[in-house]
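K.L.:
Would you mind keeping the following structure in view while I ask a few things?
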């Protein structure tokens, strides 16, 4: 077959096609079963598992891209690690990996391959995405039960205040998942209003530790300075993050690093098994909240405990 030409379409038709499809989907997003705030590995995994079970899921992501820190393995190196038994997730995604020559319980994979496969799996399952969309507040009901998310377009946040006043809008959901990573921004809204106590967020307030202390218009470090969670301890952190993932308030579930921040847990650094399995646990917590009559998400078999140091 030889190429002849593209189908005929003019500029106005292109614009209408984009606008029509986006509007139709966004109208569906105004009332949904679950809103997942944050499109990193834990949020994507939760979305994939829920959508696989016919739960309506919308991911809100403030960046133009999905994946969070999953695109890199740390220190600008694009190899990532997962500790056994989480390599089973890579098997499910069709991502090749090798076991480290020093530790056969540590699987190493290409980060771009793993991240793009995770994004594809969530989209293929039916999760809807609203990227360049920033979470600004929660929708609440009696006793501050969480009932949705207040959002605005991300670029609005970067405009000088004196130039713009753009009100946000609200999306309703039966459950919201905080998968926003280090900052745990959804839970923070309840904490700052005295609705719940979060050890890590309280630490931030007491010690003025934050993700980025640079001023407007300045370049700053990305803030890996233990803003709310504790310092790095891989073996301790990953198990506890998975164990403590779940419901923290009516209508609100945490997943991934937001769980570490909420509970003041240690952090795991550049290894992603806990992020992926936490997303699965979060999906189960959401289904419990929704009373979904579908099979629960299975977790891979527990790895053998590490040998004590000599």
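Glycine too: its Cβ is placed from the backbone N, Cα and C atoms.
Sharing the features that Swiss-Prot gives for it:
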BINDING   42, 61, 62, 69, 167, 257  NAD(+) binding site
BINDING   167, 182  Fe cation binding site
BINDING   267  glycine binding site
MOD_RES   165  2,3-didehydroalanine (Cys)
K.L.:
List only the single closest residue to residue 165 (2,3-didehydroalanine (Cys)), chosen from the binding-site residues 42, 62, 69, 182 by CA-CA distance.
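P.N.:
Answer for the nearest of the binding-site residues: 62.
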K.L.:
With DSSP assignments reduced to helix, strand and coil, which class does residue 62 (NAD(+) binding site) get?
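P.N.:
Its secondary structure by DSSP: coil.
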K.L.:
Among 165, 257, all listed as recorded positions, which has the most CB atoms within 10 Å of its CB?
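P.N.:
Answer returned by the neighbour count: 257.
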K.L.:
Take the C-alpha atoms of residue 62 (NAD(+) binding site) and residue 182 (Fe cation binding site) and report the distance between them in angstrom, rounded.
P.N.:
14
K.L.:
The record lists 42, 61, 62, 69, 167, 257 as binding NAD(+). What's the largest Cα to Cα distance among them, in Å, rounded to a whole number?
P.N.:
30
K.L.:
Going by DSSP, give the three-state secondary structure for residue 167 (NAD(+) binding site).
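P.N.:
Going by the DSSP assignment, residue 167 (NAD(+) binding site) belongs to neither helix nor strand, so it counts as coil.
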K.L.:
If you measure residue 69 (NAD(+) binding site) to residue 182 (Fe cation binding site) at Cα, how many Å is it?
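P.N.:
Residue 182 (Fe cation binding site) has its Cα 11 Å from the Cα of residue 69 (NAD(+) binding site).
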